[in-house]
Amino acid sequence: MKVTFSLMQKASKQIDKFALYVPKSGVFPKGFKVATQATGVKKNGNLDLGIIRNVNTSRPSSAAAVFTTNKFKAAPVLVSKEVLEVTGGENVDAIVVNSGCANAVTGEVGLKDAREIAGVANQNLGKQNATLVMSTGVIGQRLSMDKIVPALSQQFETNAFKDDFESWLNLARAISTTDTFPKLISSNFKLANGTEYTLTGIAKGAGMICPNMATLLGFIVTDLPITPSALQKMLRSATDRSFNCISVDGDMSTNDTISMLANGAVDTAVIDENSQDFVQVQTQVTEFAQRLAQLVVRDGEGSTKFVTVNVKNALNFKDAKIIAESISNSMLVKTALYGQDANWGRILCAIGYAKLDNLQSLDDKKINVSFVATDNSEPKELKLIVDGVPQLDIDEARASELLAQQDLEVLVDLGTGSEECQFWTCDLTHEYVTINGDYRS
């Protein structure tokens, strides 16, 4: 299907994502404060430095993180990994993030710069190994330390840390690069004993997003008391079903980091892997992380559609995820969705070349593929393949209606088991090429 001028016009119309996805208020965990500043690293003068600080002293904090699998790990990734290895995740009280420069592929000098930033924060906290560092932006350039270090010191010296909504929103702004809106969510939850706690999440990312994370930074903070090992297990599981289940363009970056801090400001028993509350909190953190990860896809560079790829009835979760990932990363599928073309052949092709662990997960006589409406319109499901047989009499008018929607679900029923994976992706447009062609300029 050729992309018509009318389709290009439609894609060029800007969706007001800020109005749709940015909150106007929020609830935030006890004992955390944040600060931001425009240091001048970003050419446009926008906020480019952010700090999260734990100010609760009632008990030790815990930290956890999941990092990129890219072989060329950026300096801040290596330094943050060192901090967690040395401390075991105990008594980490701050995260310092800069945007505009990734401090990636910068060699020993990059490591020195990342350690210096952490050292400035540690000195002001009065502790060693108490700070995680993150960077995002252009790869291969050294940090402007003459701008970042004085600005970081100033935040501590002037006690610029606050805990109000606007300050948290500014933190989300400070870590943005090609993002069209700041990504901030927060929610209250209750434990079985009635104790209320809060999760706040911030993320950045709009391009170089694919499984095992990409140019993606995110952090979740909570006032629950959780042991470091339980927090790491919780975050790892949540990440596998959230940030590792999203794709914008299939590119994996050098800087991905998802971190989590728990400061124990809520007065309740410390949660470990054997606690009765562990499974409940893990489920809540996973669902929360999925909400945050979905915002990254909704901000996919140049995208016009948010697509849920739901693979169900697989032999195991891993194979369901492999197939969902294969569909989500297919350039041909993504461009067909942009062109509003019900090209089921591209979906089937992506399923067929998925590198499954167990070939019995896929039976070409059992597979079903459908488009599913995400609104209340009927018929809700448009079947494209039934028990391995392509449907030659597809209702093209209904297909056009579904593909014109901003939210769409692709449902794949493998019919070989009972496991399921949801993956989130977007279409690929002319605007994506424009944004990335002009990135450094």
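Any Cβ shown, glycine's included, is placed from N, Cα and C.
Positions annotated as substrate binding site by Swiss-Prot, on the basis of sequence analysis: T177, K204, T215, E301, N436, S441. Annotation source Swiss-Prot lists active site, nucleophile at T215.
Features per Swiss-Prot, on structure.
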{"residue": "T177", "record": "substrate binding site", "Cβ neighbours (10 Å)": "22"}
{"residue": "K204", "record": "substrate binding site", "Cβ neighbours (10 Å)": "26"}
{"residue": "E301", "record": "substrate binding site", "Cβ neighbours (10 Å)": "24"}
